[in-house]
Amino acid sequence: SVGFKAGVKDYKLTYYTPDYETKDTDILAAFRVTPQPGVPPEEAGAAVAAESSTGTWTTVWTDGLTSLDRYKGRCYHIEPIAGEENQFIAYVAYPLDLFEEGSVTNMFTSIVGNVFGFKALRALRLEDLRIPPAYSKTFQGPPHGIQVERDKLNKYGRPLLGCTIKPKLGLSAKNYGRAVYECLRGGLDFTKDDENVNSQPFMRWRDRFLFCAEAIYKAQAETGEIKGHYLNATAGTCEEMIKRAVFARELGAPIIMHDYLTGGFTANTSLAHYCRDNGLLLHIHRAMHAVIDRQKNHGMHFRVLAKALRLSGGDHIHAGTVVGKLEGEREITLGFVDLLRDDFVEKDRSRGIFFTQDWVSLPGVLPVASGGIHVWHMPALTEIFGDDSVLQFGGGTLGHPWGNAPGAVANRVALEACVQARNEGRDLAREGNEIIRKASKWSPELAAACEVWKEIKFEFPAVDTL
């Protein structure tokens, strides 16, 4: 005999361990599992633990050369999901030694790798991850974080205002720079490259960077405020991306931008390191996230992508609006917004938070609310997101009937009115419309904006529910 029993495995025997006490150093995962008909939940949960850690489909004799108990993932708890037939939350604990230090790429390759194509499962979704301090301490994290950003910009006590330059594709560099200048001059803190703007035939990246830098300096000189434009450094290769970041630094730009999912975590982490070493803020766009996170029973929830970004590094990240044109249910959105900003977040299932997360000293990330929002949303946004956020109005600035600068003025006046009202103790949720109406009496720009967008709503039921 060869000393082991050949044949296909029953995963449950090795990988389902309901008595396991989780360690402080384990990475914990909560999976929403939909087994194929006839597959018991324990077997499905164990299969997930096995396939995302040390297991393979059959017994191999090299198993005897390692300590399986030390390295295997363990499914330690399974609970049915209320209101769903044949869906379960499977909790899996992974020993820390399974993962390379400082690599989101490696962590995801294991935890959300091949296991998602596993035949015994009809669908699989990663709902949440608990990152232990022992692992998060191996990452640099955000280049600067919320407090350092406020100090760099000298802006306190209010949300920051941004605007994505539209039309997103087709403008020449000079016209693009003009739009940037007008928005910043009108009172915004930031303007933004659209995520699709990289270096296309109608506008090469170097020309755009130059004209935008000119716009920033001109607006700063005229307003006495620090201004920024998110220069999108995303490129086809990591080398080209860094080349663009270097040029942005040479121009004295305060902030650059990256599409972290399409660009990839390896590229993003490299860029975040460059940004900290060179004093650049890093704005992160989440293009492609809905491919991964929008299906309720398969893929990965955005809160996991948000945690991964905080490890990989970024100072801002788009996080839904709750009120605009893009997906986001209020409590769930606030759950991952807190996971981005706060040092310590308690487990709270009503907000979709499955684990208590302690970030220790990893800097926080500013959530960005962007997509289909306008001046009438300002009270709600100020109330929902609070001061530590960036509110971005693309069409809600550039769609102003009098032009870009008046659009920016309208947003800035609306924001200042909301912050002042809140500081005076007024209830933004109830009195929001009244606050905006009153402010518009003193600002013709705001009055015009109020008139244009008074009836606009994007009312569809949210898909992202608990």
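Cβ from N, Cα, C; glycine included.
The following features are taken from Swiss-Prot:
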type	residues	note
MOD_RES	Lys5	N6,N6,N6-trimethyllysine
BINDING	Asn114, Thr164, Lys168, Arg286, His318, Ser370	substrate binding site
ACT_SITE	Lys166	active site, proton acceptor
MOD_RES	Lys192	N6-carboxylysine
BINDING	Lys192, Asp194, Glu195	Mg(2+) binding site
ACT_SITE	His285	active site, proton acceptor
SITE	Lys325	site 'Transition state stabilizer'
Alpha-carbon distance [Asp194 (Mg(2+) binding site); Asn114 (substrate binding site)] in Å: 33
Integer Å distance between the CA atoms belonging to Glu195 (Mg(2+) binding site) and Lys166 (active site, proton acceptor): 11
Helix, strand or coil at Asn114 (substrate binding site) [DSSP, three-state]: helix
Binding-site residues: Asp194, Glu195 - member with fewest neighbouring CB atoms within 10 Å: Asp194
Alpha-carbon spacing, Asp194 (Mg(2+) binding site) to His285 (active site, proton acceptor), which is rounded to whole Å: 9
Pairwise Cα distance for Glu195 (Mg(2+) binding site)/His285 (active site, proton acceptor) [Å, integer]: 7
Set of same-chain residues at least 6 away whose C-beta sits under 8 angstroms from His285 (active site, proton acceptor): Glu195, Asn232, Met257, His258, Asp259, Tyr260, Ile317, His318
Under 8 Å by Cβ from Lys168 (substrate binding site), counting only residues of that chain that are 6 or more apart: Asp194, Asn196, Val197
Residue pair Ser370 (substrate binding site), Lys192 (N6-carboxylysine) - Cα distance, angstrom, rounded: 11
Rounded to the nearest Å - Cα separation of Arg286 (substrate binding site) and the residue listed as 'N6-carboxylysine': 14
Spatial separation of Thr164 (substrate binding site) from the residue listed as 'N6-carboxylysine' - C-alpha basis, Å: 5
Among Asn114, Ser370, the most crowded of the binding-site residues [Cβ within 10 Å]: Ser370
